[in-house]
């Protein structure tokens, strides 16, 4: 038996580290005033594949099926499109609507290093904020998450309007623009010659590649002029980030396009040295209107939680939250041990206990393997004297406690 290709199991040790990353995202999202939203994993295929949402390429990657009612149903490929549906169908939501979501998504992509067909995203989005400040806020939020996880990151910024202006200057036909952007977006994944070859195969002028390689504001301004709306938006965002301590950590990257069709303005990615992008996003002002809602400016950023885990797994300490393992010795100690475990849990102490009637040495070894720092030994003789023994597995120190002083355990195991 084996996993479906592109999926994997998360055994407890790894899962605890994954939860730590998710909890860090959640804490920072809430620090910035975002509220939680959960949407179904299943959506109507028509919604997921709609032109102007994910786009033709992503439509090829949707897992979908016909249900018993002969309806075409798909698994969500991101968390943004379902949110667009939510906003379009709940018109009484207060704006700006700031939401975060953490959940699994699915794409029939080619599995590889840090690439999976089932993976977890952690998103923060603002619908109804039409200023660059909203773009700044989701990036600042992402950088705080990265900082708390102990990573050093840089931010790449570009603008879809600017790219469209550059494409027009390079005589890229309107119907070729989406394909052109998709190829440019691979610049950091395949060599320049690979991108050039792909553009030629699509019949797209390769001049665009030379223009985006210049990669600086002065070169872009020469092409599109100082009144370019897209260039101004990108530079305003960069200026705002630099003013908040990101000088030297944020740059204009004219090849950055982001693969999904719904982006309309500023786009950005958070990069960690030696690793591909760990987070990305941008402005998508037309997505809500696409689903019949009132057109609303929107922006957001999405973390690849699995990619973060792959980067951080060896750096993160064990995340065991169980503080005490209760080990009864002898049959008559079992009922008192259950009572003690329940009392500890009632005090808010994360507590496990022996369920197999093992001896003390096996229980100590088991608790050590699980990474539980303390073992509360409940022995028949100790109980007769109204006592318990708390053993610190790291130091080997044993502390005698009165059963009536169980509340002291809470202080000792913090």
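For all residues, glycine too, the Cβ spot is worked out from N, Cα and C.
Automated prediction, rather than curation, is the source of TrEMBL annotations.
According to TrEMBL, the domain 'Aminoacyl-transfer RNA synthetases class-II family profile' annotation covers 1-328. The annotation L-histidine binding site is assigned in TrEMBL to 78, 79, 80, 107, 121, 125, 258, 262, 263.
This view paints the features noted in TrEMBL onto the structure.
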residue	record	Cβ within 10 Å
78	L-histidine binding site	21
80	L-histidine binding site	23
121	L-histidine binding site	21
258	L-histidine binding site	21
263	L-histidine binding site	25
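Of all Cα pairs drawn from 78, 79, 80, 107, 121, 125, 258, 262, 263, which the record names as binding L-histidine, the longest spans 21 Å.
Following the DSSP three-state reduction, the secondary structure of residue 121 (L-histidine binding site) is strand. Taken residue by residue with DSSP, residue 258 (L-histidine binding site) is part of neither helix nor strand, so it is coil. Residue 78 (L-histidine binding site) carries neither a helix nor a strand DSSP state and counts as coil.
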